[in-house]
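*Asks:* Let me give you the structure first, and then I'll get to my questions.
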Amino acid sequence: MHHSSSGSRCVLQNGLELTVILPRLHRFDIIDTFKTLTKELLRQEHLPKVLQKKEPHQLTDRTFFIDGSNQGLKTIPSEILALKELEEVHLENNQIAEIPQGIQQLQNTKVLYLHNNSLQDLCPELGALSSLESLDLSGNPLVISSLHVVSRLRTLRELRLYRTGLTEIPTGICKSLHHLELFGLSENFLESLPEEIVNQTKLREIYLKQNHFEVFPCDLCVLYNLEVIDLDENKLKSIPGDIGHLVRLQKFYVASNHLMSLPESLSQCSKLSVLDLTHNSIHSLPSSLELLTELTEVGLSGNRLEKVPRLLCSWVSLHLLYLRNTSLHGLRDSFKRLINLRFLDLSQNHIEHFPVQICALKNLEILALDDNKVRQLPPSISLLSNLKILGLTGNDLLSFPEEIFSLISLEKLYIGQDQGSKLSSLPENIKRLMNLKELYIENNRLEQLPASLGLMPNLEVLDCRHNLLKQLPDAICRTRNLRELLLEDNLLCCLPENLDHLVNLKVLTLMNNPMVDPPIYVCNQGNEAIWKHLKENRIRKMMATTIQAWWRGIMVRKGYGSYEELLKARKKGKSPPKDKKGKKAAKGKPEKGNKK
């Protein structure tokens, strides 16, 4: 599911891992993750990276996996084509303009990745790879007429043609590739699918995102093995009732279309676990959808619901729920039945009172309430003992809500106020959030920070941009894990003298501050220049202190009175004080008689 946001906002990266991203949400796909891990293990276990062209002795007849990606290759090296036992070949992200005839030697190759190269034509010999199961030609400016070669690859199970400029799919591909299970066609210019697509009876996944479909391709509804359909970012106005025939469908992505309603028959897709309806024009859901009891992820953001659909509260298996920008004013009492929720996005709504129903969701780990009208938090928020990320940016909080300090698992807090009320202080009790790693408190009216920040050992990111800070507490130098300190647009004129002790600090921003120490020209040179300036300052100060102590000792030993008296006398223009014998002390060395 895709959500965007400006500024610091609390949103989800991948569902089950439950980590935050800014500003985009991505799907969590355990299958893809497993494939990635498997690929990496193979890479580590069997062969160093391919080229290896410089060390050809490392390539042997028994080599079956090779990675030549990101090498700047313009052709496929003959050394690779000579490896007849190769099963998996990665040549993506190069500058390869043509496939040589020798490609036909790779008769045992099952996986061939050539995406993001400069291929236009495909040589006929490519069609001779009789063992090939997975082919990726994405991101190449392919000539459509050359794709007929692909139809000869009868063993193909996965074919990816993303971003290849396709305006149509060659019918030969759909007629001949009867074993195809995954068909990737996203980011092209397709308006329809050939009717021969019905021959793909083994197809499990089809990706058609970012094309020009105005009508749902109904032929998909007879492909009964389909588990994943991705039609995000098209121009669909409706979904046919025949969608109910896809009883094995598990993931259905139709975000960013022009849908106004859903068919009742969608309820027959009883295995559906992910339903993304984000950014459509849906006002209500058919009551029959309450039968979709296996749903774990639902996206309704960007629709004008105004109320939480009653049936939604029956989806008790939900882990992730996106209700961003849906014109909500509150939640139903039955919302507390969603006890398995881990992520809840209620941002950009019209919520004035924190929904207490949320406090019953004890498994909740991420809560986004950004850009609402919430004024205070209830004490019962302490029941959210597993909450790790809380987004409250852009609300009408009258003061920093101390109820937050009861959230013992909190790791990231977003409470910047780019709109709504501004906070004037950050309580010393912030130290109670011992697990806090990131604190975003930008766009407020803070004039100072609490010294207790130095007692937060896990703090890594502190965003205080656009406040009224005049100085930083010296204690901040003890937050040894701090990686980012964002201070631009404040009233700072100096930095703590030991700030360079923050050895993990990689990002320090000081723009739009009236800096004097270090001066602006030093600040503009970056961290190293700032650290050097602070160290030199300490050395100068230490030397001045040493000289002062030495001179004070001399004055006292010579009997000229205390150092302070001497300073006072000089400031008033008087003569130096007399020594103990009543004689006036000389300006230079003391007389021998005065020596003790």
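The backbone N, Cα and C atoms fix where each Cβ goes, and this holds for glycine too.
Positions annotated as compositional bias 'Basic residues' by Swiss-Prot: 569-587. Among the features that Swiss-Prot reports, domain 'IQ' is placed at 540-569, with the record citing sequence analysis. According to Swiss-Prot, the region 'Disordered' annotation covers 569-596. The repeat 'LRR 1' annotation in Swiss-Prot covers 22-44. According to Swiss-Prot, the repeat 'LRR 4' annotation covers 108-129. Summarising the annotation, Swiss-Prot assigns repeat 'LRR 5' to 130-152. Swiss-Prot lists 177-200 with the feature repeat 'LRR 7'. The annotation repeat 'LRR 10' is assigned in Swiss-Prot to 248-269. The repeat 'LRR 11' annotation in Swiss-Prot covers 270-293. Sequence annotations record features per position, and here Swiss-Prot assigns repeat 'LRR 12' to 295-315. Sequence annotations record features per position, and here Swiss-Prot assigns repeat 'LRR 15' to 362-384. If you look up Swiss-Prot, you'll see 385-407 marked as repeat 'LRR 16'. Among the features that Swiss-Prot reports, repeat 'LRR 20' is placed at 480-502. The repeat 'LRR 21' feature in Swiss-Prot is assigned to 504-525. Look at Swiss-Prot and you will find 527-549 tagged as repeat 'LRR 22'.
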*Asks:* Please compute the mean pLDDT of the model over the repeat 'LRR 5' (130-152).
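*Replies:* In the predicted model, the repeat 'LRR 5' (130-152) has a mean pLDDT of 95.
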*Asks:* Counting only residues 6+ away from its ends, which parts of the chain sit with a Cβ under 8 Å from the repeat 'LRR 20' (480-502)?
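*Replies:* Non-local partners: 442, 457-474, 508-518, 530-531, 534-535, 537-538, 541.
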*Asks:* Which residue counts does DSSP yield for the repeat 'LRR 10' (248-269) in the helix, strand and coil classes, in that order?
*Replies:* 5 helix, 3 strand, 14 coil
